[in-house]
Amino acid sequence: FMSSQVEILDWETKKQLCFLDKVEPNATIREIRLKFHKLYPRWYPARQSIKLDPKGKSLRDEEILQHLPVGTTATLYFKDLGPQIGWTTVFLIEYTGPLFIYFLFYFRMTFVYGLDERFTSSPHPVVNLACICHSFHYIKRLIETVFVHRFSRGTMPLRNIVKNCLYYWGFAAWLAYYINHPLYTPPSYGKKQINFAVIMFLLCEAGNFSIHVALSDLRRNGSKTCKIPYPTKNPFTWLFFFVSCPNYTYEVGTWISFTIMTQCVPVGLFTLLCFIQMTIWAKDKHCTYLREFKNYPSHRMPIIPFLL
């Protein structure tokens, strides 16, 4: 193969930013990003969106130049994605916040509810249980972030983290304020309701963890290609028979059970918002699967078996 030439233009102004001579035809987009980074040190690879046409999709790192619909001189377009932050860091920041914020309310810090002696601890065992479950959920998420998750995209825009933290941290404070409030009343059906909710909570957490492990195993060898997830021997993964994103199904189940356990309106609202957001993500992922795989199981739904 002859060597190719690559010109990179600004996606908005169409001005030429650089001209790369003697590029190997089997060079990957990642290699082109690195060459571009050498010329423009401020635009590190994660900040670069390289496209075939200004309004098109970003090319993936592993795509190969000679497999793209370009001539001997390839014209590519560059868009600056802005400062980026690694997904692992994002999740660690997002999930550490709720863990510690909840404790401020649980331990009845004097600046939260006032100094009255009666306010120092709660007479209701469910308040302690809710704190254990809430903490368990976020500790599990932190452990998964470090040891389980493998991210297909390495980074996200730095500006998004402020929005995400406001959401997670703000809701954690709101839930915790009401659940740990001196005037909090326990669930209507007492122990029965609480026990049912705890069992449901633990099953959903186990299911969510099982799905994350199964998805992580699909990328075990470091591959970033999209594969169809299938049920494994673990019964919790059998939800893959019916839905494309059982991790979201279990996640919503976790928050529904937490709502039942605490019988608290803010928790219910948080659960509803979680459900809406996760349905959007699940539908998006489901469409990606349908687009990428002609043999994708036709009976699967995005998030709720047979329904949605």
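Using N, Cα and C of the backbone, Cβ positions are placed for all residues, glycine too.
Heads up, TrEMBL stuff is auto-annotated, nobody curated it.
Summarising the annotation, TrEMBL assigns domain 'TECR-like N-terminal' to 5-80.
The domain '3-oxo-5-alpha-steroid 4-dehydrogenase C-terminal' feature in TrEMBL is assigned to 155-308.
Residues or ranges marked as transmembrane segment by TrEMBL: 85-107 (among others).
Beyond the transmembrane segment (166-184), the same-chain residues lying 6 or more positions past its ends with a Cβ under 8 Å from any Cβ of the stretch are 94-95, 97-98, 101-102, 104-106, 108, 112-113, 116, 118-119, 122, 124, 127, 130-131, 134, 262, 264-267, 270, 273. TrEMBL lists 166-184 (among others) with the feature transmembrane segment.
Under the heading transmembrane segment, TrEMBL lists 196-215 (among others). Remote same-chain residues near the transmembrane segment (196-215) are listed as 129, 133, 136-137, 140, 144, 148-149, 187, 229, 232, 234, 236-237, 239-240, 246-247, 249-251, 253-254, 256-258, 260-261 (criterion: CB distance under 8 Å, separation of at least six residues from the stretch ends).
Sequence-distant contacts of the transmembrane segment (235-250) (same chain, at least 6 residues past either end, Cβ-Cβ under 8 Å): 204-208, 210-212, 214-215, 229, 278-279, 281-282, 285-286, 289, 297, 299-306. Taken from TrEMBL, the feature transmembrane segment covers 235-250 (among others).
Here TrEMBL flags 256-276 (among others) as transmembrane segment. If one looks beyond the transmembrane segment (256-276) by at least 6 residues along the same chain, the residues whose Cβ comes under 8 Å of a Cβ in the stretch are 126, 129-130, 133-134, 137, 171, 174-175, 177-179, 184, 186-188, 193-194, 196-198, 200-201, 204.
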DSSP helix/strand/coil residue counts for the domain 'TECR-like N-terminal' (5-80): 17 helix, 29 strand, 30 coil
